[in-house]
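A.B. asks: The structure's right below; bear with me while I get my questions together.
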Amino acid sequence: MQFDRLLTEARLATMVAGDDGYGVIEKAALGIKDGRIAWIGPMSEIPGEARETERLASRWVTPALIDCHTHLVFAGDRSDEFERRLGGESYESISRSGGGIARSVEATRAAGAAELAAGALTRIDALAQEGVGTVEIKSGYGLTRESERTMLRAARGVERASGMRVSATLLAAHAVPPEYKGESGRYIDEICIPLIREAAREGLADAVDAYCEGIGFSPEETRRLFIAAKAAGLPVKLHADQLSDTGGARLVAEFGGLSADHIEYTNAEGIAAMAKAGTVGVLLPGAFYALNETKKPPVEAMRAAGVDMAVATDANPGTSPLVSLLTAANMACILFGLTLPEAFAGMTRNAARALGLHGEIGTLEVGKAADLAIWDVERPAEIIQWIGRRPLHGRILAGEWQ
């Protein structure tokens with residue numbers, strides 16, 4: 001076998017499910033051909049040669065990390081709301097007074113796709129320096145048919161400019177815009193549902209999301225949105241049960257949803273539905289921390305039910321101003337009780353599943369994309385242990401060094 005690139009003297013954490021949690025192969029090699037993993041195994045069994053061979057001097061190799069829930073495309077600043085929350089005002093109060101998402105909507109509507117993409121690129125660079133190779137980016141700060149499409153075009157532009165894989169999610173049902181105040185159902189019918197059809201037809205969105213909450217959209221409105229998404233051939237996911245138990249996790253599982261995200265208030269019925277549907281529970285400790293919440297997601301119950309759990313930054317200008325996936329993983333361990341292998345799976349294997357990309361990325365397996373992160377650490381646990389340190393040696397995406 002002739003490889004394009006052969007990595008030798010490596011320690012691999014393949015993240016294929018196994019007894020040690022990491023799928024470790026010591027004294028290993030990995031062969032790449034045509035941007036994909038062509039062979040993995042012990043160095044003593046390398047089945048061919050390569051045009052380029054690189055010795056990694058016992059460095060660890062993992063799948064490139066995946067941030068499966070972000071709001072990286074936006075304009076404007078909401079640091080004053082941070083000050084208001086520090087003064088004791090709740091996020092719900094700020095939102096109802098015209099702040100929160102509505103503030104970002106005003107600024108984002110005034111920006112073009114190029115400006116939005118340029119801002120997102122500065123944020124995505126911080127993730128790249130931590131070994132991230134795939135990022136999900138949501139719309140949701142436009143809330144008109146044209147401005148939401150502008151946000152999705154910006155996300156596609158980020159993919160082209162950054163070299164990273166971007167999964168674009170239509171989140172028009174993020175908040176009710178001012179011009180539809182008190183008429184959320186009419187907004188769903190007149191803006192969100194037609195927009196789903198347009199985004200699917202134009203190839204702008206890979207999935208549809210909604211914010212199902214008392215300050216967002218009702219379960220009935222979310223259901224109408226999901227019916228339209230499925231009819232358009234787009235998978236669904238949901239901001240579910242963050243501030244109250246709305247039955248969101250159960251609802252998105254009913255539609256075979258990719259993920260239920262936040263899920264602090266998800267009940268036993270919702271967990272059972274997620275387990276049955278294979279819906280991933282996405283933990284967002286950055287928002288939990290920034291909002292000073294006390295209700296933790298039901299990690300132990302999801303673990304017992306066999307629900308796959310992912311970890312993401314929820315990077316956004318208001319409730320989770322976090323562009324460090326490694327910090328999010330650290331928080332998920334300390335605040336929510338994930339084990340280190342669970343947190344690592346949450347940034348790789350399970351994050352890929354939350355995006356519907358588990359056949360392409362998330363583990364080191366023959367046939368998958370050669371998206372790799374190489375680390376200067378003694379053990380994989382060290383990658384998550386430290387806050388603020390970036391132990392990344394380098395990234396390989398689609399078989400090429402970045």
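Please read every residue number as a count from 1 along the shown chain.
A Cβ is built for glycine as well, from the same backbone N, Cα and C atoms used for every other residue.
Since the structure is predicted, the reported quantities are computational estimates derived from the model, not experimental observations.
The Fe(3+) binding site annotation in Swiss-Prot covers His69, His71, His239, Asp314. What Swiss-Prot lists as Zn(2+) binding site is His69, His71, His239, Asp314, and the listing cites sequence analysis. Annotated 4-imidazolone-5-propanoate binding site per Swiss-Prot: Arg78, Tyr141, His174, Gln242, Thr319, in sequence order, evidence recorded as sequence analysis. What Swiss-Prot lists as N-formimidoyl-L-glutamate binding site is Tyr141, Asn316, Gly318.
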A.B. asks: I'd like to know which of the binding-site residues His71, His174, His239, Gln242 sit within 10 A of Asn316 (N-formimidoyl-L-glutamate binding site) at the Cα level.
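C.D. replies: Matched binding-site residues: His71, sequence order.
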A.B. asks: Run through the Cβ atoms and count how many others sit within 10 Å of the one on Arg78 (4-imidazolone-5-propanoate binding site).
C.D. replies: 20
A.B. asks: What same-chain residues, at least 6 away in sequence, bring their CB to under 8 Å of the CB of Gln242 (4-imidazolone-5-propanoate binding site)?
C.D. replies: Glu213, His262, Ile263, Glu264, Tyr265, Ala287
A.B. asks: Reported as an integer number of Å, what is the Cα distance between His71 (Fe(3+) binding site) and Thr319 (4-imidazolone-5-propanoate binding site)?
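C.D. replies: Counting only the Cα atoms, the answer is 11 Å.
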A.B. asks: Show, in sequence order, which residues other than His69, His71, His239, Asp314 on the same chain lie with their Cβ within 8 Å of the centre of the Cβ atoms of the Fe(3+) site.
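C.D. replies: After dropping the recorded site residues, what remains is Thr70, Lys138, Asp261, His262, Leu284, Ala287, Ala312, Ala315, Asn316, Ser320.
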A.B. asks: Please report the Cα separation of His239 (Fe(3+) binding site) and Arg78 (4-imidazolone-5-propanoate binding site) in Å, rounded to an integer.
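C.D. replies: For His239 (Fe(3+) binding site) versus Arg78 (4-imidazolone-5-propanoate binding site), the Cα atoms are 21 Å apart.
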A.B. asks: Count the other Cβ atoms sitting within 10 Å of the Cβ of His174 (4-imidazolone-5-propanoate binding site), across every protein chain shown.
C.D. replies: 25
A.B. asks: Any idea what the Cα distance is from His69 (Fe(3+) binding site) over to Arg78 (4-imidazolone-5-propanoate binding site), rounded to a whole Å?
C.D. replies: 20
A.B. asks: Using only the residues recorded as binding 4-imidazolone-5-propanoate (Arg78, Tyr141, His174, Gln242, Thr319), report the maximum Cα-Cα distance in Å, whole number please.
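C.D. replies: If we measure all Cα pairs in Arg78, Tyr141, His174, Gln242, Thr319, the largest is 21 Å.
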